[in-house]
Every structure is written in structure tokens, then in C-alpha cells.
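Asks: Taken from TrEMBL, the feature transmembrane segment covers 105-131, 151-175, 196-215, 221-241, 380-401, 422-442, 506-531, 551-575.
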Amino acid sequence: MMSENMKVAKQELVVQENGKKEEDETIETEKRKLGGMKTMPFILANEVCDRFVGAGFHSNLITYLTQVLNVPLIKASNTLANFSGVSNFTPLIGALVADSFAGRFWTIIVASIIYEMGLISITISAIMPQLRPPPCPTQENCKEASNSQLWALYICLLLTSIGTGGLRPCVVTFAADQLDMRKSKVESRKWNFYNLFYFCVTMATLTALTVVVYIQDNVNWGWGLGLLTIAMALSVVVFVVGSPFYRKVEPGGSPLIRLTQVIVASVRKRKVVVPDDDRLLYENRELDSAISHDGRLLHTNQFKWIDRAAVVTGDDMKESCQPNLWRLATVHRTEELKCILRMLPIWAAGILHFASHSHVGSFTIQQARSMDRHLSHSFQIPPASMSIFSVLTVLIGLVLYERFFVPFARRFTGHKSGVTCLQRMGIGFAINILATATSALAEIKRKKAAADHNLLDQPTTHVIPISVFWLVPQYCLHGVAEVFMSVGHLEFLIEQFPESMRSTGAALNSLASSFGNYLGTFIVTLVHQYTGKETNWLPDRNLNRGRLENFYWLMAGVQVVNFVYYLICASLYIYKPLEQITEGCKGTDVEFADETTLLDNSKGDGQTDRARNGMN
């Protein structure tokens, strides 16, 4: 009788397990239906509007500060650089919030609303006369904006910075979440996701620089900023409409806590000897499943002291047979920390790169304002719209890169993408040095024309008879450098960062720009302070009497030193090895995300967990 009851119970258990398995398969099937290319219009619409707003707002803000609020040039340039620094620092906070508990979807929603509040505020401040000083067309003896008027502006800028902090690191990674980013799938595509993404946002930038800047300069700032406010509101609506189609990856817990646990475990076991056989280190597929959807990180021999955290000792397990994560970490978690440590030197090279041209945009606008900008007798290019040449170069360059450069380079390198992202960044560094040198030569040419026509002391009343198109070569070279450096930098940070911290990786791209802007402000302040009054390189009002070309030569020299540093770091870098699980008919293939692909079908169910030292 008891035997029959046991049989019945066993059969019921089998039925329950089969039912649960079928339920899991149904859920997995439903998940597969989510995401994909059908979600891209909704997500990219949000990013396109964000970049449209950002370009239309930031590119001409130097004009708003100097021409509307009557702020001196150096103070205005430093204000913009500091504001840009804040805008590029907040993405780190937004990324940590998204990766830890909020998730990327809700972070994007909340950040978009805060961004919209900032735009509404700045539009109101541009419309209300009491929030700006009296007009000063001659730009001589002007009344500067009061502290209260400037603080009204600063609050608006702060709100947009907070909004940027949630959007910049999450939108690109949320878009990547919708696609299968496993190595085998990425290599089978005929297009590069990051090139496509960058093409879309650059097109938005081009539209802003041609339409919005023209309205700001020739209609009024109220209409120019109001158009941006409406665009951002529409982007929120479009993004929410696409919600039912999104694949929403659950956050895997705070990455900072995981990294801290690995460090603490390594310190606690500082006297433990790491075994020569890495197969003896602790692994747990179930524990890492939430943070390794695309595959677990494999063991590397760098930073061996971190491996101590994965050595199993007697006190590492709790009574529930679960590991005490403050004493024991899996190989995947130790490799997450190693990935970050390997990437930091490469990432740091971007700081000086961004510092070298953090103020170039502001100074170039002032140069363009003094030059002949007429395309016809009745139409002249707004100074801030000159950067469309850089944007157009990026758009054309991205297409040429995919269609011609990649196939050409592949003949010599054999690499699927033509060149690695590190090689792509290196080419961008080199071209940017040439662009900065070209800027110095253009400034020498501009000042010579001013001297030849006795216009050195008339910066606002007379236009120097030299075409503004002398500035085009430097814009084009900066655009080519961006095709290589900026896209390569973004791809490197997202692809080489641990999967569960992709938002943080994207935020580091902005953080490098943030540090670069602050460093650029520091350099500009020193140059302005210590180059004298009579021959100041960067004067407040009359750029014709300055030595801007010397500043450009200084920045070119800084970039040369940085380029040598980058080459050293890149030559020593090791790409992360990644185990990718691809479901076959009966087995599991394990691919390594380096130059070699290995196969391991030793276990048909794909379970390669190892809990050694008696912990099996």
C-alpha cells in the first residue's frame, strides 16, 4: 500500500515538473517574441529627439550667454564646459541606478520627464525680459546678467543635466537589449549596430544645427527653445507607445556591491594560495544566471590576486549551502572586476582627448562670427551652424566606413569588422591631432587677414574679409576623427564592459568627456591667467588681439603625448574571453570572444559549473 502511494506521489511530482517545464518554455517563447528590430523606431526616436534637443540647445548656448546675457567670453566658455562636465558626469549615476534596481526602461521614462522640466524652464527664462539683462547690440560696456538671472539659468541647466544622466547611458544599451548581441549573431549581421545608432543621432544633430540654430539667431530664442521642448515631449510619448514590444532586462543588483564583495573576499584570503589549475576555482551557473545572459566570463591570468576570492575554503558556505558572497565569489564575478581594471587605462586616454577640444567649439564660433559668412547677398550662415560640416562628414564617413573601409581593411587584417575597436580609436586619435594643427593654421590665416585690413581692434563692428569656409577643413577632420574615435570608444566600452554593467560602460563614455571638460576648463583658466594682459592668448572680448593659435598648438602637443600613452596601453590590452551558450539540437557550444573559438560539448545540458574542493 505504501509502495503504491509512493508511486502515485512520484507520478504527481513528475506531472508537476513537466507542467512547470512547459510553463517555463511558454514564458521563454513569449520573451523571444519581444524585442528585435521592430522596437528600434520607438527607442531611436527617443534618442534622436534627445540629440536633436541637445545639439540645438548646447551648440548655440555660447551665443545666448555672450549675446543675450552679456557674459564675457572666457567666463561663458568655462560655464559651458563646466555644465557639459556635469551633464557628462550624471550618466554614471543614472547608469548605476538602472543597473542596480530601477532598470533601463523606467530610468529612461523618469529622466525624460526631468529633461522636459528643464527645457520648459529655460524656454520661460528666454521669453521673460526680467530674466535677462537689457539688449546690447554693440557688445561694448554691456550690463552683464545679474546673479539671480544667472542662477535661473543654472537651475534649468541642472535639470537638463539630470535628465541627460538617465538618457545617455540607458538608451543605447536598452536598444542593444532588444537585439541578440552574442558574438555569433553579431558577426552574422551585415551592419554594425553602433554605426547605425551613431548615424541616427548625427542626423538629428544635423537637423538641429540647420533648423533650430537658424531660428534662434534670426527669429528669437523663445521659438528656438520652444521647438526643442515640443520635440522632447513627443519623444516621451513615442517611447511609451512602444512599451508592449520591448524586452526589459531585469537589473542584476548593484554592480558596486558585487565588485566590493570580490575585493573584500580577496583581501580576506590574502594568505590563501591560488591553485595553478583554474578549474579548481569556484563557479556557479545558477548564481550568475541573472548577470550573464550572453554567456559567462572565462578565467584569465591577469590580476592573479583577485583569483583568491574564488578559492573555496571551509568557512565560505552558509548553512543553506549558498556561498557567503563576502567570502567567496564565482570566476565570472572576479572576471568582472578584472575587465574593469583592464579597461581603465584605455578609458583614461579619452579624458585628454576630450580636454583637447572641450573649448574649441566656443572659440570657433567666435572666429566664425568675425568672418564673411555670406552664401548670397541676403543669406549668411549662423556661426553655430558651421559645425554642420563636421556633422555631414560624420554622416558620410559612417556610410563610407561600412561600405568601403571595412571590406578594404578586412583584406589585410582578416578581422570581421576590418579593424578592432582599439585600432579604430587609435586612428581617430591620430586624425584629431591633425585637426587641431589645422585649427591653428586657420587662425593664423584669419588674423593675417584682419591685420592686412586694419581690423584687429574692430572685432564686432566690421567683418574680416576672409571666407568662413577657411574653417571647414578643421571641421571635416574633426568629423573624420569622430567616425573612428567616438564610435570606437562607445563600442569598446559597451562590448568590453561586463554584460550586467552595460549602462555603466556607456556612462563611462560620458564620464571621460566630463573629466575632459573640467580638465579643459583648468587649462583654459591657466592659459588665460598666465599669458599676460597685452598678449593674452585667450582675451575676453577681442579675439583678434589674442594668440588662439598658440593655444591650439599647445593642445596638439598634449594630444601627441596622449597618443603615445594610448598606443602603449592598447598594445598591452587583452580582450575579455566570453563563454556564449548557443542552443543546438542536443548540445551546447561554448564560444570564446577572443581570436580563437573553442568547442566544449562535454556536457549535453550545458552545465559546466564547478564547485571544487569538496563543494560538488
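Indices start at 1 and increase along the chain as displayed.
Placement of Cβ uses the backbone N, Cα and C atoms for every residue, glycine included.
Looking at the shown structure, what environment does each listed feature sit in?
Replies: Long-range contacts of the transmembrane segment (196-215) within its own chain (CB-CB distance under 8 A, at least 6 residues past either end) are made by residues 44, 47-49, 51-56, 59-60, 172, 175, 223-224, 227-228, 382, 384-385, 387-388, 391-392, 394-395, 398-399, 486-487, 490.
The list of residues near the transmembrane segment (380-401) in space but at least 6 beyond its ends in sequence, with Cβ under 8 angstroms from a Cβ of it, reads 59-60, 62-63, 195, 198-199, 202-203, 205-206, 209-210, 213-214, 216-218, 361, 364-366, 368-369, 373-374, 468, 471-472, 475-476, 478-480, 482-483, 487.
Proximity of distant same-chain residues to the transmembrane segment (422-442), defined by a Cβ-Cβ separation under 8 Å and at least 6 residues beyond the stretch ends, is recorded for 346, 349, 353, 356-357, 360, 364, 367, 470-471, 473-474, 477-478, 480-489, 491-492, 549-550, 552-553, 555-556, 559-560, 562-563, 566-567, 570, 573.
Listed as Cβ neighbours of the transmembrane segment (506-531) (distance under 8 Å, sequence separation of 6 or more from its ends, same chain) are residues 74, 77-78, 81-82, 84-89, 91-92, 94-96, 168-170, 172-173, 347-348, 350-359, 489-490, 493-494, 497, 537-538, 547, 550-551, 554.
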